[in-house]
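Peer 1: Submitted below is the structure of interest, expressed as structure tokens.
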């Protein structure tokens, strides 16, 4: 059998793992890998324009497909440029594997050219990291890395590869491991039957229950089980920002998103609930507000694959450790076998109360304005795409408008940086999604601040012919910063106004793309339809939309209050 070099073993390991795409940027420490990559047609490499873009593309690909995204960067600045993307994936539990080059083993620790301690730098923001010290360790290291990235609570893995490992030859034939065993890592996948029985007993007695679904529902692919459980028990469902689409947006039991900018009915239902069934959530501060005032009358049932997430922020009265899909299936088996549904209590009074909160119409906005409302942009694009598009977003007001006004019916259609809140995520993530689903409509919703963080990836889109639609909600300001300054800092605007902006249309055209400008409400739908037609003809279309700069996102929770403390839009209020 032919002996392989370290770099050849890496490529073969990726092939054996079933990897189809690598997002990367070459440099001296990884040129051996790139040389070996050239000899295979089984893996397509996407040459990005910045390593942060590579990590976000891999991230977007992973979120949309449920598969592992792979990144390849060189040592030193190549590795450090990937850090923001790694942290983004870590905060949202997204499986990516980052392969970073390193200086030769004999030079590590001697401040060699483009040396940095990638293992040390990335340690707080990875699920695990590997420094490969022997060429023969490459296959088992890659096998472990991909298994760790996708098992249990998913997350990013870093594999650091000294240059001398890449051009050395193994003394034994290459063999891809059939299985991997890490004694210290054995995630619990099924819930304890005693805890499940406790949870069901509590739910049976509940008068005002709520199901709170988080991103873990999407990671575990248990949206069908969630829907079945909710319908059997007639319990209202609310989702986190990360879980939009895990429960159909148009379902009558859906209270929509909860949290800082969640709907009035979702937050009120959470506050007054007597039982909360939390599935795959981590109770972050944007969904709890003041933890001391959080859902004061609720018994918390918390299902999560990661035991360290349970009772970390909010104490769980009934903790259930396990894969969310397995646990929900266990609950459903118990309910069905015990004819629990037929004897289930009536929640009529609870639904009447919820309807009274819905009647507040907390997502209302002025539809007769002379200026384009960002809500109108999202609702119009939803209408034109029939709610079937993949939507990626950056971070800010536009992110919240997209989350609130584009009703997602399926999981993995909403791609955003929820935990780290990374500006510059939307465009490269959209390219990763488009690569995975070339026949689907992919839309990046962004703002004039965020889009400039990674706008160079327009070049990548042109090189690989990845037609996406970019909706730039342009208010000439850092919208969410400005909103906070208006509401919390008494209107004192400090460095939130973008005085000098590029001509986005000409900028897009300079990369070879199409550009459309929208300035009035009357032309909004017509020009968005035109943009979609151009998109179907294979063009990336950059739509610059001049929106009402005074528009704020409502509802908005009051700082340090309970879930029920919110600011709502009033008549005439911006």
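Cβ atoms here come from the backbone N, Cα and C positions, even for glycine.
What Swiss-Prot lists as thiamine diphosphate binding site is 51. Positions annotated as FAD binding site by Swiss-Prot, on the basis of similarity to another entry: 153, 261-282, 304-323. What Swiss-Prot records for 448, 475 is Mg(2+) binding site, and it gives similarity to another entry as the kind of evidence. Positions annotated as region 'Thiamine pyrophosphate binding' by Swiss-Prot: 397-477.
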Peer 1: I'd like the per-state residue tally for the region 'Thiamine pyrophosphate binding' (397-477) from DSSP, helix first, then strand, then coil.
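Peer 2: For that range the per-state counts are 31 helix, 15 strand, 35 coil.
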Peer 1: What's the CA to CA span in angstrom from residue 153 (FAD binding site) over to residue 448 (Mg(2+) binding site)?
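Peer 2: Rounded to the nearest whole number, the Cα-Cα distance is 34 Å.
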Peer 1: What does DSSP say about residue 266 (FAD binding site): helix, strand or coil?
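Peer 2: Reduced to three states, the DSSP call for residue 266 (FAD binding site) is helix.
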Peer 1: Between the binding-site residues 153, 317, whose Cβ has more other Cβ atoms within 10 Å than any of the rest?
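Peer 2: Answer returned by the neighbour count: 153.
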Peer 1: Could you tell me the mean pLDDT the prediction assigns to the region 'Thiamine pyrophosphate binding' (397-477)?
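Peer 2: PLDDT averaged over the stretch: 98.
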Peer 1: DSSP on residue 278 (FAD binding site), three-state: which is it?
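Peer 2: Residue 278 (FAD binding site) sits in a strand per DSSP.
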Peer 1: Pop the Cα-Cα gap between residue 475 (Mg(2+) binding site) and residue 266 (FAD binding site) into the table, whole Å please.
Peer 2: 29
Peer 1: Where the distance is taken from Cα to Cα, which of the binding-site residues 51, 448, 475 turns out closest to residue 305 (FAD binding site)?
Peer 2: 51
Peer 1: Measure from the Cα of the residue listed as 'thiamine diphosphate binding site' to the Cα of every one of the binding-site residues 272, 311, 317, 448, 475, then give the nearest.
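Peer 2: The answer is 448.
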Peer 1: Could you give the Cα-Cα distance between residue 475 (Mg(2+) binding site) and residue 278 (FAD binding site), in whole Å?
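Peer 2: A Cα-Cα distance of 37 Å.
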Peer 1: Ten-angstrom check, please: count other Cβ atoms within 10 Å of the Cβ of residue 266 (FAD binding site), all chains counted.
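Peer 2: Step by step: centre on the Cβ of residue 266 (FAD binding site), count other Cβ atoms within 10 Å, giving 28.
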Peer 1: Return the single residue from the binding-site residues list (51, 272, 278, 311, 323) that has the minimum number of other CB atoms within 10 Å.
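Peer 2: Taking 51, 272, 278, 311, 323 as the binding-site residues, the minimal 10 Å Cβ count falls on 311.
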Peer 1: Whole-number Å only: compute the distance from the Cα of residue 317 (FAD binding site) to the Cα of residue 448 (Mg(2+) binding site).
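Peer 2: Given the Cα positions, residue 317 (FAD binding site) is 45 Å from residue 448 (Mg(2+) binding site).
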Peer 1: Inside 10 Å of the Cβ of residue 448 (Mg(2+) binding site), count up the other Cβ atoms and send me the figure.
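Peer 2: Total other Cβ atoms inside 10 Å, all chains included: 23.
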